[in-house]
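What TrEMBL records for 210-323 is domain 'PGG'. TrEMBL lists 216-235, 255-278, 298-322, 328-349 with the feature transmembrane segment.
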Amino acid sequence: MNPILSFHFNNSKLSKLAIAVPTLVTVPDFKHIYETKWVHVGSSQLLDCIFEEIPNLTMESLQMAGMDHALYDAIKHGIIEFVVKLMKQDHESIWRKGVKGRTMFSHAIVLRQEKIFSLIYGLGIKKNIVARRHDIFHNNILHLAGKLSPPSQLDRVSGAALQMQRELQWFKEVESMVQAKYKEEFNEYHKTPSTVFTEEHATLVKEGESWMKSTAASCMVVATLIAALMFTTAFTLPGGTKSDTGIPVFIGHGAFMVFIVADSLSLFSSSTSVLMFLGILTSRYAEEDFLKSLPNKLIIGLSSLFFSLLSMMVAFGSAIYVVLSHRIAWVSIPLIVLACIPITFFALLQFPLLVEIVMCTYGRSIFDKPTEVPY
């Protein structure tokens, strides 16, 4: 019998599951998922047994057992279950200082573990007391938020500019919960939190500026070409004009009006895109600009560029249809499809970037704020 099945589980649902699935464990993929699940459940119950003994242990016993290092490792790897169970069994754990004289929430800030840090919002008025704690270097939690995120956490966001935005979101979130005097407090090295943030992120700001400029420059070239093309096309109408009146030959054709509208929309949107990318290239690139200003410009620029591309394809398709509809209309369909292929490839390459910027700027906050105390 599989030794994993020999565990005794108090949870009735899990017990029923243990009875129902043995016939399926012969399937390789299911067996792996099944065993992983039961190992997780077994580990969770073992953790409960360990934490039940914590109230009976002294501070010295906990330190000798390596609880501080275990807690640090759990926070480092984002194991929120460990932290929550510890808080439930040991109410004093939120005050206890471990490595470098830092509390669990101080470690969560340094290691950029937002889910663990968000547990602080469930502490009620105790949150304000925790926020006033200092480490052995007299850093308050805002000093710690000003430190550069570990590389493993930075890499979760693509692009130096968005990484800088995430760092600013962390700093602003921690800043919102500390009193005004702590924002200008000096640490052991006579540095304020804002000074620490500026020094730690100087390289990232330069990398973010370079990333923004290169992205804006490449997209601006495309937007400029579209604007120039659409402006020229507006004066070289498909089919030409009547020599005596100057009225377009296909003025009465329905597809011709589609062409005119699409051409105008493409021209206006591409011009807007050019102006937004120009604004990015001429920006001052202060730290605060990476939070909202620069992402907003990039969002508008990319959105306008995609809309201009779509409008240009519609204008091209309608122009081809107008010219060929009276003779070989079927030829217009493959021509339109072939013309859309390179434009579609460009859109597919850049559209994920637009989605990520929108989600990072206007999406759900990375900080969950529970209304109940987690213990």
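Any Cβ shown, glycine's included, is placed from N, Cα and C.
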For the domain 'PGG' (210-323), mean pLDDT (0 to 100): 87
Helix, strand and coil totals (DSSP H, G, I; E, B; other) for the domain 'PGG' (210-323): 87 helix, 2 strand, 25 coil
